[in-house]
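Noted in Swiss-Prot for the protein shown:
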TRANSMEM  19-39  transmembrane segment
TRANSMEM  51-71  transmembrane segment
TRANSMEM  303-323  transmembrane segment
BINDING   Asp309, Met374  substrate binding site
BINDING   Cys437  heme binding site
Amino acid sequence: MLLEMLNPMHYNITSMMPEVMPVATMPILLLTGFLLLVWNYEDTSSIPGPGYCMGIGPLISHCRFLWMGIGSACNYYNKMYGEFMRVWICGEETLIISKSSSMFHIMKHSHYSSRFGSKLGLQCIGMHENGIIFNNNPTLWKAIRPFFTKALSGPGLVRMVTVCVGSIITHLDRLEEVSNELGYVDVLTLMRRIMLDTSNILFLGIPLDESAIVVKIQGYFDAWQALLLKPDIFFKISWLYKKYEKSVKDLKDAMEILIEEKRHRISTAEKLEDHMDFATELIFAEKRGDLTRENVNQCILEMLIAAPDTMSVSVFFMLFLIAKHPKVEESIMKEIQAVVGERDIRIDDMQKLKVVENFIYESMRYQPVVNLVMRKALQDDIIDGYLVKKGTNIILNIGRMHRLEFFPKPNEFTLENFAKNVPYRYFQPFGFGPRSCAGKYIAMVMMKVVLVTLLRRFHVQTLQGECIENMQKKYGLSLHPDETNNLLEMVFVPRNSEKCLER
């Protein structure tokens, strides 16, 4: 009996608690422990940013991205917390960086070559471990990229000049198709059709309905922007994402019909052309077993949507800037006359068009279309003194960086900003390094071709003094004009008309 009384296991510890501990003490200890965990979590990162605050911080930051759009949210947080700061997206730590030294480090190194985004969202649009734009399968991405690089450089780039000039002339001769009853030109639609037509001739080579495909591309792009950062729960509520799923399916179905026609032509051709285009190269890679049919279809889709999605909007913004800055237009026209004269532009003119080139650069700096780059850290690293852990998401706010460092008049549109050579670490419209834009060279050449060919023929004017600064825009994955605005059309005045000659 005595031994049992001395044995601590003899007692019911739970029943003894009230005797040795006040009732309120346990909740206080639990709360203290929880707050200590939260405090320790926040203390693990010295990077500026909103507080964790028992999980409320991550929830608020993700909601802000969904509500404001990626671009606006990034600018908000950089302005609030500095040029190297931390938030959370989908509960994952995410850095937003607009500091040139940090961007240079990230773009330079291969352990930042992966991107991030909702897996379910990327699966819905066909980009999860597929294509090139958001493909995070490093082995497949490395196998696919050479097809894009080959098609977008060398002989393909040279051929693009002739093809693009022909497409522009054809579409300018049919301006009534993209003009309203007052003769105002829907420039966005015009540019999208030119870009799609040029891309199709170069990379696929199958006749298509430009008008219908352009609409489907816009639907696909809207779905891409909407789904990229959505939480997983969004995809469990079918009525929320069905319209986006349909938009993706519409474009994929249309593209599949075109690609099947391409396969048929290849299989029935007696002799292949000496120069195989992008689609043919991919289809032969599929026949060798290097790629799947799904890989081929997604790569061709991405190749055809790239220019109508981004470059067309870039040229649209450029034409608005030209309309507002007559002295810039005058300088451009003098150079065009001196270099090109009355003939069509050629590939050997490109290096001589310095004013046009600086205008393109300044337009992309002042009013970017793609102003964000999304990456993921594949290993632990130190960036500008901050520890960046493996798996950390990173958004490079390039558009903001272009207005913070180096340029003498960062908040003005002026060619003075490119009067001197700009070190490439301070100006990255296409990125650089292992994951830079595969089409950066052909994009520059194509924009020169479009501007020279169009401006030789027309002087452009906006409606009611509409300008870039006052234009309603959507700040998402890329920056686009709000197309519900009624003042996005332009007036094209023929250069040889009396109205233009009187200027």
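Every residue gets a Cβ built from N, Cα and C, even glycine.
Geometry remark: Cys437 (heme binding site) versus Met374 (substrate binding site), CA distance 13 Å. Tertiary proximity for the transmembrane segment (51-71) is limited to same-chain residues at least six positions away from its ends with a CB under 8 Å from its CB atoms, namely 34, 38, 41-42, 77, 87-91, 228-231, 371-372, 395, 399, 474-479. The DSSP secondary structure for Met374 (substrate binding site) is strand. In the three-state DSSP classification, the residue listed as 'heme binding site' falls within coil. Cβ neighbour count for Met374 (substrate binding site): 19 (other Cβ atoms within 10 Å of its Cβ, all protein chains included). Counting every protein chain shown, the number of other Cβ atoms lying within 10 Å of the Cβ of Asp309 (substrate binding site) is 22.
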